[in-house]
Amino acid sequence: MPPLARRWGASLLIACVTCFLLFTSHRNLELTKLKFSSSSSSSTAVNIDHGARPAPTPVSIRDRLQRPPQYPVTKMRQLLTGTPSKLPTVQTIFGPESDNDRKVRLERQVTVKNAFRRCWNSYRTKAWMSDELEPVNGGRKDTFGGWGATLVDSLDTLWIMGLKHEFYEAVAAAANISFESTSLPEINVFETNIRYLGGFLAAYDLSGDKRLLEKAKEVGEVLYLAFDTPNRMPQTRWNFHDAARGERQVAPDAVLLAEIGSFSLEFIRLSMLTGDSKWFDAVQNIMEALQKQQQKTHLPGMWPVVVDARRQDFGRHNQYTLGAMADSLYEYLPKTHALVGGLLPMYADMYKASMDTAIRYNLFRPMVPDPKDVLMTGLVLVGSENGKRVTRLRPEGQHLACFTGGMLALGGKLVQNDTHVHKGEKLMDGCVWAYKSMPLGIMPEVFHVLPCDLIDHCPWDEEKWKLAVVDAAGWGLSDNKEGDLHNANKIINHKRLPKGFVSIPDTRYILRPEAIESVFLLYRITGRRDLPDSAWAMFQAIDSNTRTELANSALLDVTVKEGKPPMSHSMESFWLGETLKYFYLMFSEPDLISLDEYVFNTEAHPFKRLVPS
């Protein structure tokens, strides 16, 4: 093995082991599960429970909340003031709708709404106040603090769908949740922020019910304790029990980028609504540190997947991606710019700098049999050769990364960069292609493709694809091309690889929203007439294959061609909080949650934007 290959291999191994040890969240791809998942059909699957084991009794943090901080802020940044700018219009102007188009749209909208009500009613009767319903057997489980994640995540969806009776019933129940205690020893601060704080803030912005703002403040006070460290950087995997005992905290020396960089929307909105600057100060402390080091990383403009919050070293590691474990940091840059009406120019600047780098290094055109020009975003590994920086692209498709199409289109509109909108459209098209290419019509969690040699000319080469399949399978290429092609056919049949897919290391679909999220955003931004039909095909494929007697379940393998795909008996709260919400909005009038009035957090919770009066 040549020295450079050894260095690549060693660097990749170290980075992967680091990520392996860092558990993951719904936005942050579970690498441990990826390791054990099979790319071929199997009636068995390795289910690894990464949830913390419940303690015998709940532990309360109330006393700690009433004591002064151990590491007080020396100089508090004050909440932004001034008149917001009139930012460029995001949504396109939709023309008149024919009677037939309206009829079809409303029929689809009702179907999505009925799918939501079916799941909600099952949750209400069988898992009320628990985090999740087990959609196959009707059980319940607590994975996010035991604070009713599905209930809180669904509040704004209930309002948006006009289910006001169910909404107010849920608000009354949520008002009785105590976020000061939990039986889980460890709390994921990122997930608590996007699901609970985001859920309450959006439901308040939509309904004006003051009980929701009080709950948002309660969650915010609890989360603020995780920032009580010497450098005011948060503990992202927070030991709730240690905090309750008053033990001193330090920020972690290895933290996922998305988990430390995705607080700006929720924390700034909470400060705006309460008039208390402390949450604004907390998030600005993080973002200003990231901004200072943005051009000093191994891939200037972007930050690595893993960063050191304890030493505030945000550039040491060498994996760079818009996908798993980094995603929502980049997503929040243009969205925070929109939220505050341009009053914090740093967010637009950071967005533009990061996308300049990502477009150059991470985006690529895959070789696909479809003549359509599509893009995907991969992972970049930075190394060195003869003292010079070299980069290597891993041409990987992730369902998580499908959000990038919508992000670039939205960001491009906000900063008036048509190239971003164009790239975002092609990224969305890449995800739609991946959905259409699979036998069930559902995109897998992770897959690999063959990058084109030239971005502007990439004819389909079946022989080249087959040889790449053999290489990716680890069989190695020989001098006998006929034998290699024979092996390729065996692998393709065994792994059930559609044309264009080199490998599928993770065959699951866990009810994720990122693809429909981008389809929805691109439809609102461009008005492309083919997108409603694409969205409808996605919904039909998902609903028909994931439906159980009670609700909808995540799938273990979307490559199956015959029979019902195996289920993993899981329905995370984002199915109701995100996926079905985006499908519903896709078939709604364009002024329902207008992108010029609201901005969505990474859990699809819409916050009111600051706009000129």
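The backbone N, Cα and C atoms fix where each Cβ goes, and this holds for glycine too.
TrEMBL labels come from automatic prediction, so no person has curated them.
Among the residue ranges 42-63, 86-107, 130-151, the one that TrEMBL annotates as region 'Disordered' is 42-63. Recorded disulfide link (TrEMBL): Cys431 to Cys402, out of the candidates Cys402, Cys452, Cys458. A gap of 9 Å separates the Cα atoms of Thr602 (Ca(2+) binding site) and Glu514 (active site). The distance from the Cα of Glu514 (active site) to the Cα of Glu445 (active site, proton donor) comes to 11 Å. Cα spacing between Glu191 (active site, proton donor) and Asp327 (active site): 14 Å, rounded to the nearest whole number.
Secondary structure at Glu445 (active site, proton donor), as computed by DSSP, is coil. Here the C-alpha separation of Glu445 (active site, proton donor) and Asp327 (active site) works out to 15 Å. The active-site residues under consideration are Asp327, Glu445. Their Cβ neighbour counts within 10 Å are lowest for Glu445. By neighbour count, meaning other C-beta atoms within 10 Å, the densest spot among the active-site residues Glu191, Glu514 is Glu514.
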